[in-house]
Amino acid sequence: MLGLRTKRKAMSCLLSRIFVSSSYTSHHQISTPVFPSKSLSSIRNPISFTAVALSSYSKARGICSRVGNSMGDKDNVISTIETLQNPEPVTYLSQRDAAEIDEILMGPLGFSVDQLMELAGLSVATSIAEVYKPSEYKRVLAICGPGNNGGDGLVAARHLHHFGYAPVVCYPKRTPKTLYSGLVTQLESLAIPFLSVEDLPVDLSNDFDIIIDAMFGFSFHGAPRPPFDDLIHKLVCLHSHDQTRQRLPVIVSVDIPSGWHVEEGDTGGEGIKPDMLVSLTAPKLCAKKFSGPHHFLGGRFVPPTIAEKYQLQLPPYPGTSMCVRIGKPPKVDISALRENYVSPAFLEDQLEADPIDQFRKWFDDALVAGLYEPNAMALSTSNKNGKPSSRMVLLKGVDKEGFVWYTNYESQKGHDLSDNPRASLLFYWDGLNRQVRVEGHVQKVPEEESENYFHSRPRGSQIGAIVSKQSSIVPGREVLYQEYEDLKNRFSDGTIIPKPKHWGGYRLKPELVEFWQGQPSRLHDRLQYSLREIDGRWAWKVDRLAP
């Protein structure tokens, strides 16, 4: 994850720096669906609304902020928000400090070259996968230099192959050491092509979607020599092409754009202008001159001793990610944001006869895939004047009678449902390209049912339900916290906390349920159950809807 291109006095060979920048990929794949022993009522998160909204923001921005398996990890989500809001306080390393940190990692901390190189290549590959999906950016050229920087590129190419890309490697100055020979053998065993400099096309823009610049790292000195001078020139020339072309290949530089000065950057103003820069451990001083849209930091293994010694200010890594976006979020053309969904066909003969059974089947898939808060749903209501409103709530039960959630009866949604007891629910499972829409009639659950669920909640949540007069205006945050602390002290002896009369559950009995599966070219699968009277009996009828 960090540059290793430093001269080790205790070693007989020259080590070139390693860098790691990784991101948690959102490609969830389901194998054998084993239903986890987890009830809907046990799936809870104190910051569910924030996390769901952040997940959507992350996908639009290409941010490494997947919460992944950190369900309920409040600190991870809050720290990610802080990173987005305050992107500037990050330490930039000088060449000397970067080299010293390498020395410590390779010495007292016991990291090996091959270990860090593997982490580096994996993180570079996953960073690429976070922003550039293989459905649109499949053809990859990894240009690898003679040192560990090039080794990172070789490892990245291997992982990209397994991620569904089609990598090609240009490795003109091969290092004869066992480590590098082994990496070449691994790539050859996967039938990944190697191209000589002479075999590369004159115009790289016609044959590749992504070009990985893994030629030189932060310890490189002097002017690049053949054939790397010509290769760097090819990358520079990509930006001088006719801009009427629909799309040019994106350039991903690892830690340092090749040819840049490690501290001063592209001093001549005519160097590589990468679209993505993957900094390692901490960005180097030259990264301040980077103006591309995607700057990631990798190197989550940095121990506190190094951070304290070098006074490193590093952003927190969200969830289980090995990388985090740094710098200002990229400017995005909202009209250009689109996803070409790739999913298995969803056909009528795969459907269960009852929509509740089909919902449970899909819900199980979402659990197995490890999706964040699969029970989060958008609840839409309208008042007696037809004015609609929506919010995120959590599903807490589903059976043949319908879908259950709990709330304050005196909230806006409570007043809406009192005026107009009809509503709709929407589940969106991003990692599976799936949505479920439900429409129907709503009624309160029996008081005993609400009572039982209320006392199954954590005591803090019970107290919060009493304190919060949901949707009413409060003079300030401190008022809520003071009331909470007062009640917490009042019930500190463990006595039963009474359920408020204004708090309980609703059940939506479905009359229409639609299952949506995203497909390429917007030809999505939409299968809709509707409750109809057939031969004097109410039954579910299934129709396929146009996308």
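Just so you know, glycine gets a Cβ as well, placed from its N, Cα and C.
If you look up TrEMBL, you'll see 98-314 marked as domain 'YjeF N-terminal'.
When Cβ atoms from all protein chains are considered, those within 10 Å of PHE220 ((6S)-NADPHX binding site) total 22, not counting its own. Summarising the annotation, TrEMBL assigns (6S)-NADPHX binding site to ASN148, ASN149, GLY150, GLY151, ASP152, GLY217, PHE218, SER219, PHE220, HIS221, GLY222, ALA223, ASP255.
Positions annotated as K(+) binding site by TrEMBL: ASN149, ASP213, SER258. Listed in sequence order, GLY145, ASP213, MET215, PHE216, PHE220, PRO224, PHE228, ILE232, LEU235, ILE272 are the same-chain residues six or more apart from SER258 (K(+) binding site) with CB atoms under 8 A from its CB.
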When each of the binding-site residues ASP152, ASP213, ASP255 is scored by other CB atoms within 10 A, the minimum falls on ASP213
Here the Cα-Cα span from PHE218 ((6S)-NADPHX binding site) to ASN149 (K(+) binding site), rounded to a whole number of angstrom, reaches 9
Sparsest Cβ environment (other Cβ within 10 Å) among binding-site residues GLY150, GLY222 belongs to GLY222
ASP255 ((6S)-NADPHX binding site) to ASN149 (K(+) binding site), Cα to Cα, whole Å, comes out at 9
